[in-house]
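Noted in Swiss-Prot for the protein shown:
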- C110-C187: disulfide bond (DISULFID)
- N2: N-linked glycosylation site (CARBOHYD)
- N183: N-linked glycosylation site (CARBOHYD)
- N194: N-linked glycosylation site (CARBOHYD)
- 1-39: topological domain 'Extracellular' (TOPO_DOM)
- 68-77: topological domain 'Cytoplasmic' (TOPO_DOM)
- 99-111: topological domain 'Extracellular' (TOPO_DOM)
- 134-150: topological domain 'Cytoplasmic' (TOPO_DOM)
- 176-206: topological domain 'Extracellular' (TOPO_DOM)
- 227-242: topological domain 'Cytoplasmic' (TOPO_DOM)
- 268-284: topological domain 'Extracellular' (TOPO_DOM)
- 309-360: topological domain 'Cytoplasmic' (TOPO_DOM)
- 40-67: transmembrane segment (TRANSMEM)
- 78-98: transmembrane segment (TRANSMEM)
- 112-133: transmembrane segment (TRANSMEM)
- 151-175: transmembrane segment (TRANSMEM)
- 207-226: transmembrane segment (TRANSMEM)
- 243-267: transmembrane segment (TRANSMEM)
- 285-308: transmembrane segment (TRANSMEM)
Amino acid sequence: MNATEVTDTTQDETVYNSYYFYESMPKPCTKEGIKAFGEVFLPPLYSLVFLLGLFGNSVVVLVLFKYKRLKSMTDVYLLNLAISDLLFVLSLPFWGYYAADQWVFGLGLCKIVSWMYLVGFYSGIFFIMLMSIDRYLAIVHAVFSLKARTLTYGVITSLITWSVAVFASLPGLLFSTCYTEHNHTYCKTQYSVNSTTWKVLSSLEINVLGLLIPLGIMLFCYSMIIRTLQHCKNEKKNRAVRMIFAVVVLFLGFWTPYNVVLFLETLVELEVLQDCTLERYLDYAIQATETLAFIHCCLNPVIYFFLGEKFRKYITQLFRTCRGPLVLCKHCDFLQVYSADMSSSSYTQSTVDHDFRDAL
């Protein structure tokens, strides 16, 4: 074999080896159709959550200021929970338009809206947790709660809660940015260094602060409340237990799927799970479960406010005296029925009964 033949053979082997090395490399996971799915699925659902959440939580704020006038810790927590949900839903029109088209609002709003979304998310979860603790003190430690459940302590704990929520949301403010790729503008979180580490920490932060800690506290508080109520001869006990069960089940049902999918995406990010089909399913699942979790902010006014008999009475008064486009509300028969029910109700005056009605 001469030198020319050796050279040709070497080149052929190089081409052969390079070809099969390229073929053996993992191909990028194509995710065609995921954005198209989001364009159809997300905007109408975001709009619905925005409208329902804006209406329900605005009514809560209006009633609290007009009738309750923030006289207790419970009132303070209800107000802050409503403000948290309002802050959260006010970001949804931006995300809805972004899902349908692209980000057209600039870098400043990209950072602000991302931050609003996270602050509303964390503060809402935290105030749900505080509502559970408030109920626990009112029913399990009724005497001690007379000193602990004051307006002053309510304001102090609320300020601390907002501070923690703002601090936990700082990554959304600092790392959110706009960039253009293939003539499409994005608003996303981008980490300059240790990208994988930051993504994993952010996801775990949501799992821990958004589900594990609040759920643990809720389960403890409500289990102790139920145990205390078992020793009370209270005609409202069964209703209370059903309501507690509903609160926990709804929280689990709306937030657990999103956190599970988020945790699975963390495993994909760490390359613990490496499956293209799974990644595609997770991208669809994160859109569906995130929207499901958003609906919970529409239910908060119903769970913590509208189901209370005193608050239904205030809402009746509010709509019966309303003016303008809602003037026909005062003619609604169901509101008059609620009003009649309120005036005909009779309750015992025990400490636990009084605190229980305030808490629920």
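For all residues, glycine too, the Cβ spot is worked out from N, Cα and C.
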Using Cβ atoms and a strict cutoff of less than 8 Å, what residues sit near the topological domain 'Extracellular' (99-111) while being 6 or more residues removed from its termini?
38-39, 42-43, 46, 172-173, 176-178, 184-187
For C187 (disulfide bond), what residues in its own chain, 6 or more apart in sequence, show a Cβ-Cβ distance under 8 Å?
Y98, W103, F105, C110, V113, S114, S176, T177, C178
Please report the number of other Cβ atoms within 10 Å of the Cβ of C110 (disulfide bond).
23
Spatial neighbours of the transmembrane segment (243-267) far in sequence, C-beta under 8 Å, 6+ residues away:
125, 128, 132, 199-200, 203-204, 206-207, 210-211, 214-215, 218-219, 222, 225-226, 273, 278, 282, 285-286, 289-290, 292-293, 295-296, 299, 303, 307, 360
Top Cβ-contact partner of the transmembrane segment (151-175) among 40-67, 78-98, 207-226, 285-308 (pairs under 8 Å):
78-98
Can you tell me which of 40-67, 78-98, 207-226 gets the most C-beta pairs within less than 8 Å of the transmembrane segment (285-308)?
40-67
For the topological domain 'Cytoplasmic' (68-77), could you work out the same-chain residues 6 or more beyond its ends whose Cβ comes under 8 Å from its Cβ atoms?
127, 130-131, 134, 138, 149-151, 153-155, 157-158, 314, 358-359
Relative to the Cβ of N183 (N-linked glycosylation site), which residues of the same chain, six or more apart in sequence, are found under 8 Å away?
none
Per DSSP, what is the helix/strand/coil residue tally across the topological domain 'Extracellular' (268-284)?
11 helix, 0 strand, 6 coil
For the topological domain 'Cytoplasmic' (68-77), what's the model's average pLDDT?
87
DSSP-derived class (H/G/I helix, E/B strand, else coil) of C110 (disulfide bond):
helix
Go ahead and report the DSSP secondary structure tallies for the topological domain 'Cytoplasmic' (68-77): helix first, then strand, then coil.
6 helix, 0 strand, 4 coil
